[in-house]
Amino acid sequence: MDTLLFAINAVLPIIILMGLGYLLKHINFINDNFLSVANKFVYRIALPSMLFYNIYKIESFSDIQWNHVIFASTAILFLFILGMIIVKIFIPDEKQKGVIVQTIFRANFAIIGIPLAESIGGEAAVINLSMISAIAIPLMNILSVLALTMYIKEDQGKQIKTTIIKILKNPLIAGIFLGMIVLFVRSFIPLDKQGILVFSLEEDLRFLFLPVQWLGQTTSPIALIVLGGGFQFYVIKNLSRQIFIGTLIRSFITPFIILLAAIIIDKESNFFNFNYLVYPAFISLFASPTAITGAVMAKEMKNDYDLASQTVVWTTVMSIISIFLTVLLLKILEIL
């Protein structure tokens with residue numbers, strides 16, 4: 001019973017906030033303009049603040065678990081290659097291939113991943129996820145550009161250049177980058193006789209630090225309400241096969257393969273040494289639905305936007321089931 005309750009407690013807070021967003025939109029308490037503005041707030045202000053704060057909370061570079069980062073990055077690359085194999089066999093339309101590849105490897109880290117990690121493992125798990133995200137977010141963005149351009153025959157030089165510039169200006173990457181800079185600079189700040197830093201943002205510039213912390217704390221509730229408010233449940237009939245393939249692989253096959261690999265490698269190798277705090281990060285990266293921003297990129301780069309937006313909706317719906325089953329199973333195995 002405790003195991004079942006643990007899994008319910010991990011997933012239900014996310015469902016409740018998404019359901020609230022859907023209800024508020026349905027009764028016209030919020031509208032499309034609110035959703036658009038709130039979404040911009042999350043991506044441009046709240047989430048970068050959270051990422052900066054979480055990286056700031058890392059004591060030093062030596063605390064970064066590079067074995068976790070290496071495994072996650074390798075798994076993302078594996079999923080990218082798996083996606084290319086899948087679309088070569090099952091997806092004939094060139095404008096749909098990149099969309100399905102992206103669906104398979106790119107996680108909705110911002111909206112689902114972070115609150116999921118927090119509900120499973122608390123703040124320590126979120127900090128662990130933030131360490132991994134320092135590499136995972138840029139990697140997923142770069143692979144998305146590759147996926148959405150390599151199957152399109154027409155000249156996309158201008159679109160590629162524009163997209164790369166947008167990636168470099170990505171607020172999430174900016175938040176991570178600033179956090180890493182502060183972490184680097186802090187390593188040169190001397191300690192006093194009590195072993196405490198003679199200067200820190202948290203203590204000496206508290207009037208700046210606290211607003212960043214507070215902004216970061218708004219990320220999960222607003223993001224989940226916005227996600228729920230934007231749901232439109234329908235299936236475009238001529239895309240049902242492609243939606244099924246993308247959703248099945250992203251929501252069920254991906255978490256099974258990657259988490260099974262993590263468990264096996266952890267038992268067979270002393271190098272990786274995974275602990276209970278890293279598995280919430282892996283669940284967030286590999287069991288969460290595909291990223292909403294992927295649909296926007298697909299549209300900008302002349303891929304099949306209808307398919308991209310549909311895979312976002314249906315992987316989100318099905319991930320509720322897969323995340324619950326994943327958390328339940330890992331709890332039964334005493335991994336969480």
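Cβ coordinates come from backbone N, Cα and C, glycine included.
The stretch that TrEMBL tags with transmembrane segment, taken from the ranges 30-52, 214-236, is 214-236. Taking residue pairs at least 6 apart in sequence, the transmembrane segment (98-117) and the transmembrane segment (243-265) share three or more C-beta contacts under 8 angstroms.
Only sequence-distant pairs (6 or more apart) were considered; of these, fewer than three Cβ pairs between the transmembrane segment (214-236) and the transmembrane segment (68-91) are under 8 A, so the stretches are not in contact. Proximity of the transmembrane segment (68-91) to the transmembrane segment (311-333) is not established, fewer than 3 Cβ-Cβ distances being under 8 Å for residue pairs spaced 6 or more apart.
Counting Cβ pairs closer than 8 Å to the transmembrane segment (98-117), the top stretch among 6-25, 129-152, 172-189, 277-299, 311-333 is 277-299.
The stretch in closest packing with the transmembrane segment (6-25), judged by the count of Cβ pairs under 8 Å and taken from 129-152, 172-189, 311-333, is 311-333.
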